[in-house]
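Engineer: So that we are looking at the same thing, I have put the structure below in structure tokens.
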């Protein structure tokens, strides 16, 4: 409830939602909650945030989904531009039509991503192979099982822009990527605040994966390297979509998922997950955190381990 994207209704963006659908994993206003309740508990189990008793399974379901941003990245991944979401003051007829299309008939998902509502956002096929992968935010401190891997990430560190000055007038930046205990590093770019790397770094993805962490450092010869900003990348939208679609070489080029920009993450814009030339790819544009300036561009490519 403390996350900014959960402080509005998932369906109409009305502020201060007082209801939630525990199995879908979203927070709802009173009006949208009434529509969800009419769908029936087999589709949406509506509970009051303050008046109802929540079972452990209700709470676990909300945590597994991760809230509005992640749920919408699935249920609205293919929302047409000419099909706007309802607003807080939208008529009940339009609100009902949209919510039924979103959750009941699942019009904004590809058929292979159709979801069994009783299992929340757990797909009925290949998503079961990562059945305990919570959102990266909720399991940030969970122990990581590095003994079994579900895939590999090939991360192209494309470039940085407007990086912070750490020497007299410039910096000598390099990038470190971390996933669990694994680390990979780019080369150092001397005296460059707008470095272009185009270097590919490879990391294996464990079954209980966490966020991909990015750190930028200034290389110093005679002292410790200075931090130049950091960011975290939520891998769940990409991996969930990739698992659901299976072998990407069997599909034409298409969008299969989306990681939404919110005030709680470091995205500069929504990050789209695509199948392109038989591979699952995602372009990510990041604003570095805990630093005065700096942006990064990455390209992620997912390869599932058979």
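Note that Cβ sites are derived from N, Cα and C of the backbone, with glycine treated the same way.
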Engineer: Looking at 77-99, 100-122, 123-145, 146-168, I want to know which stretch TrEMBL calls region 'Disordered'.
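Structural biologist: Matching range for region 'Disordered': 123-145.
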Engineer: I'd like the per-state residue tally for the domain 'Arf-GAP' (1-119) from DSSP, helix first, then strand, then coil.
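Structural biologist: Once the DSSP states are binned, the domain 'Arf-GAP' (1-119) shows 50 helix, 12 strand, 57 coil.
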Engineer: Give me the mean pLDDT over the domain 'C2' (134-249), rounded to a whole number.
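Structural biologist: In the predicted model, the domain 'C2' (134-249) has a mean pLDDT of 86.
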